[in-house]
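Pasting the relevant annotations from TrEMBL:
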DOMAIN    91-246  domain 'Sodium/calcium exchanger membrane region'
DOMAIN    279-421  domain 'Sodium/calcium exchanger membrane region'
TRANSMEM  60-85  transmembrane segment
TRANSMEM  91-110  transmembrane segment
TRANSMEM  122-143  transmembrane segment
TRANSMEM  155-177  transmembrane segment
TRANSMEM  189-213  transmembrane segment
TRANSMEM  225-244  transmembrane segment
TRANSMEM  279-298  transmembrane segment
TRANSMEM  310-336  transmembrane segment
TRANSMEM  343-368  transmembrane segment
TRANSMEM  380-397  transmembrane segment
TRANSMEM  404-425  transmembrane segment
Amino acid sequence: MGAIQEKVELDFDEDTPFSSSPSGRKALAFDSEITHVLSRANSGNSWIHKQMRIKPFQSIYSVLIKAKINLLLPFGPLAILLHYVTRKHGWVFFFSLLGITPLAERLGYITEQLAFFTGPTVGGLLNATFGNATEMIISIYALKNGMIRVVQQSLLGSILSNMLLVLGCSFFCGGIIHNKKVQHFNKSAAVVNSGLLLMAVMGLMFPAVLHFTHTEVHFGKSELALSRFSSCIMLVAYASYLFFQLRSQQNLYSPVEEDEGNNEDSDEEEAPELTQWEAIGWLAVLTAGISVLSGYLVDAIEGASDSLNMPVAFISVILLPIVGNAAEHASAIMFAMKDKLDITLGVAIGSSTQISMFVIPFCVVVGWCMGQEMDLNFQLFETATLFITVLVVAFLLQEGTSNYFKGLMLILCYLIVAASFFVHVDLSNGEW
């Protein structure tokens with residue numbers, strides 16, 4: 001009995017190492033992994049359900065509550081209410097401006113969030129399309145109502161506002177904050193944008209010169225045909241510029257100085273706050289809101305001009321672009337104060353390039369489809385103002401440096417332009 005019992009114990013001891021063999025360990029590991037996965041799945045499911053309950057409120061908070069500029073959102077519904085109750089165009093115009101401002105700023109925010117999921121190439125196209133969505137929507141509504149001069153002057157005002165006011169305030173604030181050093185930016189990118197702006201000036205100048213020299217082959221038709229042809233060429237040039245910027249010559253647009261120590265902070269700051277489908281949904285909602293308010297804004301322009309005793313040219317060139325450039329203005333100044341002038345140049349000058357080379361030709365093509373004779377003849381006064389502005393900005397950017405004095409010069413130039421349009425009488429083509 002003792003021998004048999006001892007043999008059984010020895011057999012048991014021999015079986016114990018067998019259980020720790022590789023196949024046995026795999027089985028145990030597999031069982032433990034199943035248990036771990038199931039526990040993680042249960043916790044994941046509870047986390048997903050919790051996020052499904054919380055995420056919509058987080059999305060609403062990020063878009064409609066978080067930014068301080070959203071305090072202006074109630075002015076939009078108030079403008080619509082005043083339109084039907086009082087019919088006072090001055091108040092409707094003023095409150096529509098205030099109501100569109102936060103929507104334009106939030107549209108820029110949503111576009112930035114969506115760019116996280118689309119990559120740099122599609123993100124650049126989104127910025128080109130939706131970065132100036134407010135100007136495009138207002139222009140399409142004005143075109144639909146036959147207000148071609150409002151379209152021309154509002155788009156011209158957006159270019160002047162970005163190049164003089166936005167860039168000037170950015171240089172001024174950045175120079176004041178960093179007054180003990182010289183701020184640098186990528187000179188090559190600024191030169192390319194300046195060349196595109198000069199090309200846009202050329203496209204706008206020839207129809208005006210053709211009109212005022214009375215050298216058209218067919219009076220009233222050659223000017224329109226030239227404008228439509230030039231618009232198609234400018235759209236091709238802008239598409240080529242996007243390919244050049246985003247695909248072919250990416251190194252040309254890299255920042256002058258990159259602080260490697262701040263890469264971790266920048267990565268943390270660039271984490272998206274919205275999912276892709278949330279960003280698409282908010283993009284549709286904000287675009288619809290801007291479209292609705294733009295209709296009331298355009299309808300109230302002429303009445304506001306009479307009630308406020310302001311020229312329509314001043315309202316179109318000075319007041320309307322301030323709304324469309326609200327997002328650009330705030331972000332450009334913020335980046336300049338952080339000594340990121342390459343981003344500032346991309347926001348201010350890049351937006352001017354988008355309007356001159358994309359939005360204006362696009363409106364000519366849309367007017368062509370609508371049967372409206374939208375052309376590139378912006379009249380002599382407006383074309384000369386744009387030409388001088390592009391020259392001034394190009395000369396200030398050629399050194400690749402900025403300071404507060406350059407910013408002050410640009411701001412003062414914008415005040416001169418604003419005063420000029422306040423005393424300017426906009427004559428129609430038939431009165432020249």
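Including glycine, each Cβ sits where the backbone N, Cα and C put it.
Surface or core, plus neighbours and distances: that's what I need for these features.
Same-chain residues lying 6+ beyond the ends of the transmembrane segment (310-336) with a Cβ under 8 Å from its Cβ atoms: 69, 93, 97, 100-102, 104-105, 107-109, 131-132, 134-135, 138, 149-150, 153-154, 156-158, 160-162, 165-167, 169-171, 173-174, 183, 297, 301-302, 304, 343-344, 347-348, 351, 382, 402, 417-418, 421-422, 424-426.
Taking Cβ pairs closer than 8 Å, the transmembrane segment (343-368) reaches residues 127-128, 131-132, 135-136, 139-140, 143, 148, 151, 155, 158-159, 162-163, 166-167, 170, 174, 185-186, 189-190, 193-194, 196-197, 199-201, 203-204, 227-228, 230-232, 234-235, 237-238, 241, 253, 325, 328, 331-333, 335-336, 374-376, 393, 397 in its own chain, all 6 or more past its ends.
Remote same-chain residues near the transmembrane segment (380-397) are listed as 152-153, 156, 159-160, 163-164, 167, 187, 190-191, 194, 197-198, 201, 204-205, 208, 212, 317, 345, 349, 406, 409-410, 413, 417, 420, 424 (criterion: CB distance under 8 Å, separation of at least six residues from the stretch ends).
Among residues of the same chain six or more beyond the transmembrane segment (404-425), those with a C-beta under 8 A of the stretch's C-beta atoms are 160-161, 163-165, 167-176, 179, 310-311, 313-314, 317-318, 381, 385, 389, 392-393, 396.
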Using a Cβ-Cβ cut-off of under 8 Å, list the residues of the same chain that are 6+ residues beyond the ends of the transmembrane segment (189-213) and lie near it.
163, 222-223, 226-227, 230-231, 233-234, 237-238, 241, 244-245, 252-253, 342, 345-346, 349-350, 352-353, 356-357, 360-361, 375-380, 383, 386-387, 390, 393-394, 397-398, 400, 429, 432
When secondary structure is assigned with DSSP, how many helix, strand and coil residues does the domain 'Sodium/calcium exchanger membrane region' (279-421) contain?
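Per DSSP, the residues of the domain 'Sodium/calcium exchanger membrane region' (279-421) fall into 120 helix, 2 strand, 21 coil.
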Considering only Cβ pairs within less than 8 angstroms, which of the stretches 91-110, 225-244, 279-298 has the most against the transmembrane segment (60-85)?
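Per the Cβ count, the answer is 91-110.
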